[in-house]
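Working notes for the structure below.
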Amino acid sequence: MQLAVWTYEGPPHVGAMRIATAMRDVHYVLHAPQGDTYADLLFTMIERRAARPPVTYTTFQARDLGGDTAELFKTAVRDAYERFRPQAMLVGASCTAELIQDDPGGLAKTLGLPIPVVPLELPSYQRKENWGAAETFYQLVRAMAGPHAPPPGTKRLPGRRCNILGPTALGFRHRDDIAEVRRLLEAMGVEVCVVAPLGATPADLARLGEADFNVVLYPEIAGQAASWLKRSFGQPCTTTVPIGVGATRRFCAEVAALAGLPAPSDDVALRMPWYSRSVDSTYLTGKRVFIFGDATHAIAAAQVAAKELAFEVVGLGTYSREFGREVREAAKAHGIEALVTDDYLDVEAAIAAAQPELVLGTQMERHVAKRLGIPCAVISAPVHVQDFPARHSPQMGIEGANVLFDTWVHPLMMGLEEHLLTMFRDDFEFHDGAAPSHLGAKASGPAELGNGRAPAAPSVPAPAAVTPHAVAGDPISWGAEAEQELKKIPFFVRGKARRNTERFAAERGIGVITLETLYDAKAHFAR
Amino acid sequence: MSLAAAEPAAVAGCVTRPVLRERGQHEVFCGLTGIVWLHRKIQDAFFLVVGSRTCAHLLQSAAGVMIFAEPRFATAIIDERDLAGLADCNDELDRVVARLIERRPDIRMLFLVGSCPSEVIKLDLSRAAQRLSRRFMPKVRVLSYSGSGIETTFTQGEDACLASLVPEMPAEPGTARSLLVVGALAEVVEDQMIRHFAALGVGPVRFLPGRRAAELPAIGPGTRILLAQPFLGDTLRALESRGAKRIAAPFPLGVEGTSAWLRAAAVEWGCPEARIAEALAAGEARGRAALARHREALAGKSIFFFPDSQLEIPLARFLSRELGMQLTEVGTPYLHREIMAEEVALLPDSVRLSEGQDVDRQLDRCRAAAPDLTVCGLGLANPLEAEGMATKWSIELVFTPIQGYEQAGDLAGLFARPLDRRARLEL
């Protein structure tokens, strides 16, 4: 058993729902108890969908368990077919139905429906939402496109037609990413055949083989299907996810190679590189950033942060265990160790220890950052309703890079404002507790740090309580004079100064930090 | 699904009124959702769901942003090792609970909450609770109840929780008379009720659940029960088995409901009629004045209730009698005939009552009826709005203080707002 207060991913059948809801003319019959319909509201409320998800639940109850839940399931499938007349159906079990061991696939087969019925095996006690989505998409692609596979060994020449694979319902900015990537591709002269699963029908999936190659937007969801298409249809696929300026350029070069076309030059609408080079952005240099999310977005964000905004990446992690290897490799490139966990308390502890100046994460990191008083921007699912915005807001491609710049810089103190705060920090209107002027009046008090579960303890001077380097050997204490001097350092670099000084002291076996230690450390680290 | 056993062929119960009973897909929450408000109410309790990732995901979806405000609930997620017997579920549970109690030393009562998976694999949580209670008493008392979807619908989770508290309540020595108000109420409502009961000479008054789990009210043959919520069948039965007696009354929604509810207790305490009338007059006048503002917007409008919380019948009674709304269908997940008798008697004859659900058929009926306002869950609300129907999402009616005279206007306002919004929008 695992104690969980908060989960980054839902169960795998929610992943299957994301595929079914993304598509048209598919209906999913889920053998599930009363109550599992809660998942509907993720789609109708968070994504604000105007129609119910195409999912029928058997909603068996305790009194049904002694009787014939299998018959209940068959009736549900038959009625759903009659009512919705889909082109294809998905059948499967949720976690509880998995335990009662009715066989949805076998039961549905006995009904002899005149459409393909795809059984899903989603091990709920082992796997999670993204895996469920990937598996469901793969099974559907196999079922629909499989009959049209060319004979093994058929050669495929480079061509200009592609599919876009991966966008789903409840995907973080999937709607706008498609528009952006489609624009990139069409500007190069590449034709988009099928976008799937979002907006596709089963008949569209049957046509996947007509394309020359596949563009994989979200490897977590489309990776498995794309590699099957590669084996069965000989379709190559893209490996770069076009998030950020550099990645978008590499993506375009990759597509150009696959399509046998010249690589395009940068779009005039690409404002991000100039914004980042302009002098107002100088203050962004070396800002310490902590990044957590799904593997694709976290890896891409780290690249953008380091290379395109000149931040220092001080933490990188993911809850996607399936992609742990990729994230560890990416972290290595930034000289740090990756954090692969689905326990938000671990993430919170890592953020507190790294003392970043900016957190890029999911809605969970947004709440952690709020508790710790650190600016934050959202880069990955899971997200609340505000991250399904009405405005066009992609993460990918050219406009995506512009959006990333605005979104990540916005929560930070603006350059001039930061400067004024330093100059006038003793002024009553410009004090340490002042929040960025554009983020409302709430002062960010000293960070309340802890394990996230402790009762509100009497307020302890927070940074000292958590400074990770103070634990080795004898505790290091601060002399009154040095402590006073530390307070004169602008608050946004004070944490770094404190940490560096303590590290400096620890390395030299200094027990009490004096004014001299503080300035020795400053000189030591000023490189 | 067409498992609706007794379609219009009505089943007449003890209330002589046809009820459409349906069995099919239920678009409702399970009882685990009750944790979301119960943990706010009982301030020293922790709710540990023993279930799957689905249960954890449900709770965080239902609790929304509240999950980050130091929640006092969590899920012990059963994994494949537990199912394969590689790990002993009871040992695992003990380990998780020990860790939890260590991390939350402020907790005085721990509820082990059963889920569909834990019920299906027949994990005996009541024995686990006894075992853990022995281990952690007197610091922490451990109880158990089931909030599983196979047994409970939405607010029935509160019923199961409160019923699990009843054996823990101390016995009232002798036959001293007291009033026990049962059902979680907002604190502001509790305080209003205390003032009313004092004016009526009714007392002592106790509440279940109280604000602290460790301070449970005493119970005995002199205890009189007034249900503040309609979904408490099992709790009522448990209380009655300890000698307490229910005072039959409608529920304190709207001016009429609140007066009838308070009056029932006052009569039981032998309060003279003149004093009752005098004690309630000011509240009734304020409540009616507040309702008048909304009556214009709501009178004559038709309303359709999908089943959700068992609050539907008292709400429908309030809306039809005090605001002049026309009832089309009133759906309830479960109709407890004895508890609901006083309410059903006040409903107009034209209404269709339905118990249980086949959501697709019910949607067909709703579209055919084309009501002015539809009360439904969040899985249905936006899809119906997109079809051009006005909706009021029902969950808000469980979280918002709606009982008593002072809240009558607010309650009417919850139904008037969606119509007001539609009238204002030019899109």
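Any Cβ shown, glycine's included, is placed from N, Cα and C.
TrEMBL labels come from automatic prediction, so no person has curated them.
As recorded in TrEMBL, the features of this protein are as follows:
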BINDING   B:C30, B:C55, B:C116  [4Fe-4S] cluster binding site
DOMAIN    B:30-412  domain 'Nitrogenase/oxidoreductase component 1'
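Where TrEMBL records a feature, it is marked here on the structure.
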residue	record	DSSP (3 states)
B:C30	[4Fe-4S] cluster binding site	strand
B:C55	[4Fe-4S] cluster binding site	helix
B:C116	[4Fe-4S] cluster binding site	helix
In the chain carrying B:C116 ([4Fe-4S] cluster binding site), residues 6 or more apart in sequence that have Cβ under 8 angstroms from it
B:C30, B:G51, B:S52, B:C55, B:S148, B:G149, B:I150
If you draw a 10 Å sphere around the Cβ of B:C55 ([4Fe-4S] cluster binding site), how many other Cβ atoms fall inside it, taking every protein chain shown into account?
33
